[in-house]
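Undergrad: Copied straight from Swiss-Prot:
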type: BINDING; residues: Asp482, Asp488; note: Mg(2+) binding site
type: DOMAIN; residues: 549-608; note: domain 'KH'
type: DOMAIN; residues: 618-686; note: domain 'S1 motif'
Amino acid sequence: MQVFSMEIAGRTLTIETGRVAKQAGGSVLARYGDTVVLVTATGSKEPRPGIDFFPLTVDYEERLYAVGKIPGGFIKREGRPTEKAILSARLIDRPIRPLFPKGFRNDVQVVATVMSVDQDCPPDIVGMIGASCALSLSDIPFEGPIGGVLVGRVDGKLLINPTMEQAEKSDMHLVVAGTKDAVMMVEAGANEVPEEDMIEAIMFGHQEIQRIVAFQEEMVAVAGKPKREVPLKQINPELEQAVREYVGDKLRNAIQNPDKLSREADIQAVMKETVEALLPHFPEEEKDIRTVLDTMEKEIVRKLITVDKQRPDGRKMDEIRPISVEVGILPRTHGSGLFTRGQTQVLNVCTLGTIADLQILDGLGVEESKRYMHHYNFPPYSVGETRPMRGPGRREIGHGALAERALLPVIPSEDEFPYTIRLVSEAVESNGSTSMASVCGSTLSLMNAGVPIKKPVAGIAMGLIKEGEHFSILSDIQGMEDHLGDMDFKVAGTADGVTALQMDIKIKGVNREILTQALQQARKGRLFILDKMLAVIDKPAAEMSPYAPRIITMSIDPDKIREVIGPGGKVINKIIAETGVKIDIEDDGRIFIAATDTEAANKAVRIIESITADVEVGKVYTGKVTRIMNFGAFVEVLPGKEGLIHISQLAEERVAKVEDVVKIGDEVTVKVVEIDKQGRINLSRKEVLKANKPAVTGGARPDEMRRRF
């Protein structure tokens, strides 16, 4: 067993190897504060046959024992990964994937199991560092190591791995990963932070990453295994030459077709023709012929952009595709927006619910629920394909979370807008950057629904083609540029600053110059898109949809909650039955009343106010007789509150029998004459009758005399 440690932000990171999971290719027990994550990395001995990609799998396993919880439900064990676990797995996958040899086809599986959680020390960051350590110590050919940190900013001061208390005050949540030389991955949510400040935060994080990488290099020198020799996929040089000679300029001409579907059809036609022509000369090598064609396609696109400064669809480097904006296209939904950018189209729908509709979270974090959520769907027809539809995959969950994070800073607080908000983005057409189109569509549907968002938000995806020291930054990348390029850098924000960032790259890092130019170009594009959106809808609708619930909030004394609910829910169920509203009661006394009919909601408010009102001595009430005894009648003066009219207080004259004056169900006006020490209410009908007795004929009442003067 060997143990290595270093300090990060005043807390000790300890990497232990050689004690746990020794049969894995590489394994470490990573501890940061009281957060402990077991990370293993294992590679298959032989390449997987018949594939043209690198089969890397990253699993992030949350164990609820890490926070002292027993899983809910009947089975009482962890089930499918939570959304947070999927996002954490993606966070680990993205910076390590570009760092394996080209042509490496062996299966590699990284498993990060969270075993103990200290809320001040993020387990996903520990898992990321642990994954790099496990791969670097193993015999798997990994070209790392990498480091990862969380950057926050409180009162203008940048912080590494902020504590939970600091994170609550921070105006950014920025995850940075990279090698000692360059940034590999960025994932951020921010509260309208200027682009220049985001660059500073990224580079600040990278300085700490360089320390973490140096620490791992020292560790590998002591405890690392020799890297195994693995066969890398090689193409027959004769086959490659034959393909290139046969294709000539055919592929270049096909690539320069500006329409996606026509271009794809033209490219497929060239590929089919080439395969049919060369397969007799190179039997059983169809896959390799297609691989060479794919390589040529990538080379042509990259040369067009970097040398000829021409994009496949003819746009300039910073030109954005034609934009179309529509709102309110679905009649019965609470809000809807259709955002179209070129051949990318997203329909976003906003649904408003009550506080009872919020999402309950059962994970390792301290957050137990959320009232704003965004879900993203990517059906196969959006790209003209067929495939089974079996629920959201990792990509869809990641895109939904990114769009959710982009809008979070502008969502009104619960006090300002007491609704649960669900957004759903349907990517109905895709040619690149549907996640950023989802951000734009979200703004449209929120404003169409009448949600008082603080500012509109738009998003844009930037691309990069880098050849040596030369690079080109592309605005609003389409599918081909994303697939064949080196970077997908998504930026969302308002006119005043960035609210979300996500950067994935396929090369071994990007520097400050590239990041700066990409963010500056993204801002220009974002403002252009915002102008197009605001020309159609420039502020939230004044009136909500008639099909959306109207929510009225009120507060009562928490001690009176039981009076509103009643025994076995009798009182509250009666209110719901009478008014048709939906009622949610919080422990602090806040009551949310929801109804599509405002008058019904107001009626429920009046009933609750009467239930929680205190009966006052000397005040006159009108109520119904509920019970008759031989000594008097009980009258309900307020809902759930009864008082007694003693037989002697029923009338001015002597009453022999209670039923001679009142019967059950009669409405009577009474005055509260006493509330005794036991809380019993004594009423008088006699006092009311006396007060209402006509004045003596011929005389003037004092109040009338006053009015005469």
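Please read every residue number as a count from 1 along the shown chain.
Heads up, the Cβ atoms here are built off N, Cα and C, so glycines get one too.
Model, not experiment: these values are computed from the prediction.
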Undergrad: Tell me, what is the mean pLDDT of the domain 'KH' (549-608)?
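TA: It averages 91.
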Undergrad: Among Asp482, Asp488, all listed as binding-site residues, which has the most CB atoms within 10 Å of its CB?
TA: Asp488
Undergrad: Please count the residues of the domain 'KH' (549-608) that DSSP assigns to helix (H, G, I), strand (E, B) and coil.
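TA: Tallied per class, the domain 'KH' (549-608) gives 32 helix, 16 strand, 12 coil.
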Undergrad: According to DSSP, does Asp488 (Mg(2+) binding site) fall in a helix, a strand, or coil?
TA: strand
